[in-house]
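Data block below; observations after.
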């Protein structure tokens, strides 16, 4: 059974810098967002569940989901929002569990990048959880720059997620990304070396 490490963060906290680096080092990293994207493609399990529930009107002429329409149907109705959260949560969890079991057979150590790791109770899946952390002010600034948002828009997006301060208390390792990229990746190096040392002990 391989050692499984969960990675999480917040919008614009620098998580992709860490996961890209881990892939360059030869590690397998499961990307929960990419899994969801696949599931929402025509023929995917989420696609089928959504069409069965909402009907053919949510399919565009090219066969893809009409995401703006879907979002308005879900977010304008609390019952639909609850249904969506539950059904999507179940299907995504099942798919991630299958990937986890497959990789555990072949990998000594691997990672799973799950944005809502703590919010959706994935903690007990992992030997360790790594949080890519950044101060709130820096997070707002980076998000404004990355997505060309106003300060209010950036604040509003961040308000929809748990604050990183809260996640900091739950993570087993905190990667501080308030400095530059080299400082961040140096912390990853140290954790990887520590993990290899633990495996040898």
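Cβ coordinates come from backbone N, Cα and C, glycine included.
Annotation note: residue 16 (ATP binding site) sits in a helical segment as assigned by DSSP. Taken from Swiss-Prot, the feature ATP binding site applies to 12, 13, 14, 15, 16, 17, supported by sequence analysis.
For the domain 'DPCK' (4-201), the mean pLDDT of the prediction comes to 93. Marked as domain 'DPCK' by Swiss-Prot: 4-201.
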Cβ contacts of residue 14 (ATP binding site) (under 8 Å, same chain, 6 or more positions away): 132, 134, 177, 181, 184
Neighbour count (Cβ, 10 Å) for residue 13 (ATP binding site): 24
